[in-house]
Amino acid sequence: MYEDNILKDLWCIHILLICTLRGFIHQLWSSYNNMFFLTRNRWIKQQGVDFKQIDDEWDWDNFIILQAMLASMACLIFPSLNTLPLWNLKGFIASLLLHVTISEPLYYWAHRFFHKPYLFNHYHSLHHSSPVPHPFTAGHATPLEHLVLCTVIGIPITGSILMGYGSTAMIYGHVLVFDFFRCLGHSNAEVVPHEVFNKLPLLRYFIYTPTYHSLHHTEMETNFCLFMPLFDALGSTLNTKSLELHKKITSNSGKNGRVPDFVFLAHVVDIMSAMHAPFALRSFASTPFCMRMFLLPFWPLTFIIMLVMWGWSKTFLFSFYNLRGRLHQTWVVPRFGFQYFLPFATKGINKHIEEAILRADRMGVKVISLAALNK
């Protein structure tokens, strides 16, 4: 088909682009969750994601492949999909209405059924096996659950097309917004300020928060909704602690952070190793470092980030773990290895190291250890 007429079969390119964008959305949310220097004061669960969870969620993107296959089948069975217009505002309105009236209640009841003993033990328990919610957790489920999600996400798109309001932009928009909110709900860092719900009380029934969905993972007989807590309120499954916990996490931001017992003051080694930071690529950060040739195209971008860090960045929290009840944190001086050998950079590096040590002392850190070049 490609050799015959590429312009006729643009659906191949559209599916590839949508899959790429979906993966990119999940990656951006993952990066944000792992930027502890930004999110540490809004963590919902204080423990970190361990290596077992990373291994278990390694194939989190299988659902994207599954839905790409189903979309390809639909395009082959219904060639008229190739003639959809680029834009139709009515299609966005129709898909939104179908989502609210059909997809939301359908998912709510399907989710409740998945918490019945048989379905939970054989299927849904896999999703709940991740101790700490993470954007990749959204895709960590069994094929049966992903097929249900395909139905939930497909009804508004199919319905809009059958009504004659379908468009390419509507398909892109619906799928990508759906993934965005799925990632938001599985974020371990709260992003929705509680003041929004104080000013617009009804909004709490129309959009969920990471705190709201996190309560579902801890108290599993509540908060079953897809994106709209309204259906939990109607089904009497809304967790009454949701709003209070959300307010506590957002209003106490920066006040209740635990002081680390031990701090290791590290530095960046080189540009290639910088791409293996947890907030860059989580899977790479969980394995021993090795050179990956396909990362070379990203070298110029990382080099630019290095220059930005040189000019404006401060020492930041990089990673943490708990060992025998003690909190260990790794702080990073925003300097790369080669900069330590530049005579004109010495003063600035020493200033960063001194400020980090004094800051740790003010916080009450018991022990601080310096990486090789920081000594």
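Cβ coordinates are placed from backbone N, Cα and C, and glycine is handled just like the others.
TrEMBL entries are annotated by machine, without manual review.
Residues 146-165 are the range that TrEMBL records as transmembrane segment, among 146-165, 166-185. Remark: the transmembrane segment (64-84) contacts the transmembrane segment (146-165), by the rule of 3 or more CB pairs under 8 A. Per-residue pLDDT, averaged across the domain 'Fatty acid hydroxylase' (97-237), gives 97. Remote same-chain residues near the transmembrane segment (91-110) are listed as 148-149, 151-153, 155-157, 159-161, 163, 165-167, 169-170, 173-174, 224-228, 230-232, 235 (criterion: CB distance under 8 Å, separation of at least six residues from the stretch ends).
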